[in-house]
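Student: Before I ask anything, here is the structure I am working with.
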Amino acid sequence: MRVKAPGRINIIGEHTDYNDGYVLPFAVNRFVFLTIEDSGKFVFHSENMNETVEMEKIEKLNRWTDYISGVIKAFEKRGYKVSPVKISVSSNLPMGAGLSSSAALEMATAYAISEHFGFHLPKLELVKIAREAEVEFVGVRCGIMDQFTSAFGKKDHAIFLDTMTLEYEYVPLKLEGYEINLVDSNVKHELSSSEYNKRRQECEEVLRVLGKRSFREVTKEDLKKLPDVLKKRAQHVLEENERVLKSVQALKEGDFETLGRLLFSSHESLRDLYEVSCEQTDFIVDFLKGREGILGARMVGGGFGGGVIVLSKKGAFEKIKEELKNAYRDRFKIELTFHEIESADGVQKI
């Protein structure tokens with residue numbers, strides 16, 4: 001059996017998903033493709049890496065196989081027996097660009113196992129299994145947005161997701177006359193070893209200091225009670241949630257000018273308050289600001305490298321791409337990669 005699971009891009013709502021916040025992602029037309037078949041032992045093959053790993057029983061290797069192994073462990077923890085299988089994976093998703101290749105791999109694995117063994121679990125349960133794999137087995141304390149979007153993606157729609165209640169709404173993504181591009185800074189971030197988990201701890205500390213259970217209970221007034229660093233982190237989360245709500249409204253009204261401005265202000269907040277951007281992504285956003293037809297841009301993903309989402313009028317980005325590429329190369333001696341992004345449906349058999 002063969003399945004595919006999409007990556008995702010988050011229009012806005014960065015570092016809110018693990019803080020019970022709002023997010024506005026959509027599944028993208030770049031996928032992890034996965035084939036599953038019975039086997040005498042566990043065999044995991046990656047076409048992209050041209051590598052095969054065999055194991056008698058599931059174990060953690062601190063490698064790409066952990067995403068698959070973690071999913072199998074999560075099934076077993078729930079009492080499902082997963083006998084040895086061969087899983088072959090290929091992908092046209094760029095790694096580390098902020099498109100969440102890891103969640104796509106987890107979702108593809110979870111869906112394939114569920115169908116192959118006849119468990120036929122509902123998608124939401126598979127989302128929870130995939131997330132558990134990343135949090136408990138891989139060791140990255142991610143929110144639920146990435147796996148959720150890979151599962152529930154719908155072509156020509158973004159997902160307005162409340163990560164506290166998991167209530168969601170499909171918002172039409174009518175891009176006629178506009179386009180979304182991803183600029184990959186080609187500065188790589190290893191999430192588990194970066195500041196990502198530290199930001200999570202800081203956010204937990206905010207709640208502890210304020211005596212609150214969730215960020216949804218935190219008010220602007222509460223910020224005054226916090227020491228400087230924690231105040232900045234909390235301010236970003238509160239204001240980013242507001243930006244998501246405004247962005248949903250803008251999308252519904254087809255107001256891409258407003259959406260673009262919200263992207264720029266999101267980046268400023270990620271840079272100055274949450275402090276997860278880096279020199280390279282700041283350079284890209286600053287370069288794009290004020291250019292004709294460029295409506296908005298911001299860093300996407302965990303931060304410290306990765307990608308920049310760019311919202312523009314159709315054709316406007318194409319006109320300045322080379323200039324941006326040259327300026328970036330001159331400054332950092334690194335080549336940029338560009339991806340035009342379109343929406344896609346969620347995980348499915350092929």
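Each Cβ is built from the backbone N, Cα and C atoms, and glycine gets one as well.
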Student: Among Tyr178, Tyr196, which residue does Swiss-Prot name as a further substrate binder in the site formed by Glu14, His15, Thr16, Asp17?
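Tutor: That substrate site, as Swiss-Prot gives it, pairs Glu14, His15, Thr16, Asp17 with Tyr196.
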Student: According to DSSP, folded down to helix, strand and coil, what is Ser101 (ATP binding site)?
Tutor: helix
Student: DSSP secondary structure for Asp17 (substrate binding site), reduced to helix/strand/coil, please.
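Tutor: The residue in question, Asp17 (substrate binding site), is helix (DSSP, three-state).
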Student: Among Ser46, Gly96, Ala97, Gly98, Leu99, Ser100, Ser101, Ser102, which the record lists as binding ATP, how far apart in Å are the two most distant Cα atoms?
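Tutor: Output for ATP binders Ser46, Gly96, Ala97, Gly98, Leu99, Ser100, Ser101, Ser102: max Cα distance 20 Å.
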Student: Can you tell me how spread out the substrate site is, meaning the largest CA to CA distance among Glu14, His15, Thr16, Asp17, Tyr196, in Å?
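Tutor: Across Glu14, His15, Thr16, Asp17, Tyr196, the two farthest Cα atoms sit 13 Å apart.
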